[in-house]
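J.: Take this structure first; my questions come after.
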């Protein structure tokens, strides 16, 4: 992927949890349970949407794609983190580190773009209900999803190439549990200010751009809901957005802590713990929020899985 002339470092050492040696076993159990639940929750959502014909709509098509991106994102980071928690061998090759950064940024930004697409879907459904089937036809939905995946890949490629074209000629200990940008930039030689600023601006611009477009969608949505005469109608309209809005708040809330918090040399260990919120906690919460806050999905989950477990009771 990158030529040997770019660096004399052939591998890195991940020391994100080295300051908590007595807690590593506890961390392993907690993160393993969270990761297992994340995988199970997203797989259940995907299976339910596929099995229940009433959920074959654009909103749930986007939700299914969101679950896929979440599975891939956690798979790029958490299995390696769990291995390091129970192993004394914390090294990762130069190429392996680059690949991990590429896939984590690709799926992370794909997730953000899909949340933006879901916000647009809710805007069309509530503000232009008569044109919904035309604007959100199968071709248009496929194009929106494909654009989100391509956009995520472009972001992952840009960030990874920018970071791994730097020269690494000194220490190789990464103060994090995966190959993240800030601790890697600290290890680079020479003047890295332009690259660091450029990568930071690209990431912040993409995240803020998505977030502002979601806010704009919800500004129109709120205005449309307030024009609905009945309280019951307003409640039903808002309930279709509640789960998505909650996930957006959680996703961008934790992302802002990671990307907008001022970086200080002494904060690297703290950044490791803060990174857990975005890489493990947010994916863990997402299927819970969609399952509990979305009435249609919650009823479909009960119908699909309880009917298969207790068929006689439901007859």
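For all residues, glycine too, the Cβ spot is worked out from N, Cα and C.
Pulled from TrEMBL, these are the listed features:
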- 41-290: domain 'G-protein coupled receptors family 1 profile' (DOMAIN)
- 26-47: transmembrane segment (TRANSMEM)
- 59-82: transmembrane segment (TRANSMEM)
- 102-120: transmembrane segment (TRANSMEM)
- 141-168: transmembrane segment (TRANSMEM)
- 192-225: transmembrane segment (TRANSMEM)
- 237-260: transmembrane segment (TRANSMEM)
- 272-292: transmembrane segment (TRANSMEM)
J.: Of the listed stretches 26-47, 59-82, 102-120, which one has the most C-beta pairs under 8 A with the transmembrane segment (272-292)?
T.: 26-47
J.: Looking only at residues six or more beyond either end of the transmembrane segment (192-225), which have a C-beta under 8 A from one in the stretch?
T.: 109, 112-113, 115-116, 119-120, 122-123, 126-127, 155, 158-159, 162-163, 166, 181, 185, 234, 237-238, 241, 245, 248, 252, 255-256, 259-260
J.: Six or more residues out from either end of the transmembrane segment (102-120), which same-chain residues have a Cβ under 8 Å from its Cβ atoms?
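T.: Contacts with the transmembrane segment (102-120): 59, 62-63, 65-66, 69-70, 72-73, 76-77, 144-145, 147-149, 151-153, 155-157, 159-160, 178-179, 206-207, 210, 213-214, 217-218, 244, 247-248, 251, 255, 279.
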J.: Does the transmembrane segment (141-168) make contact with the transmembrane segment (59-82) through 3 or more Cβ pairs under 8 Å, each pair 6 or more apart in sequence?
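T.: In this chain the transmembrane segment (141-168) contacts the transmembrane segment (59-82) - 3 or more Cβ pairs sit under 8 Å.
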J.: State the residues, same chain only, that lie 6 or more residues beyond the ends of the transmembrane segment (26-47) and have a CB under 8 A from a CB inside it; answer 'none' if no residue qualifies.
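T.: Contacts with the transmembrane segment (26-47): 17, 20, 63-64, 67-68, 70-71, 74, 78-79, 81-82, 85-86, 276, 280-281, 283-284, 286-288, 290-291, 297, 301, 304-305.
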J.: Any residues 6+ beyond the ends of the transmembrane segment (59-82) with a Cβ under 8 Å from its own?
T.: 16, 28, 31-32, 35, 38-39, 42-43, 45-46, 49-50, 92, 100, 103-104, 107-108, 110-111, 114-115, 117-118, 121-122, 125, 141, 144-145, 148-149, 152, 177-178, 240, 279-280, 283, 286-287, 290, 297
J.: Would you report the average pLDDT that the model assigns to the domain 'G-protein coupled receptors family 1 profile' (41-290)?
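T.: The answer is 88, the mean pLDDT of the model over that range.
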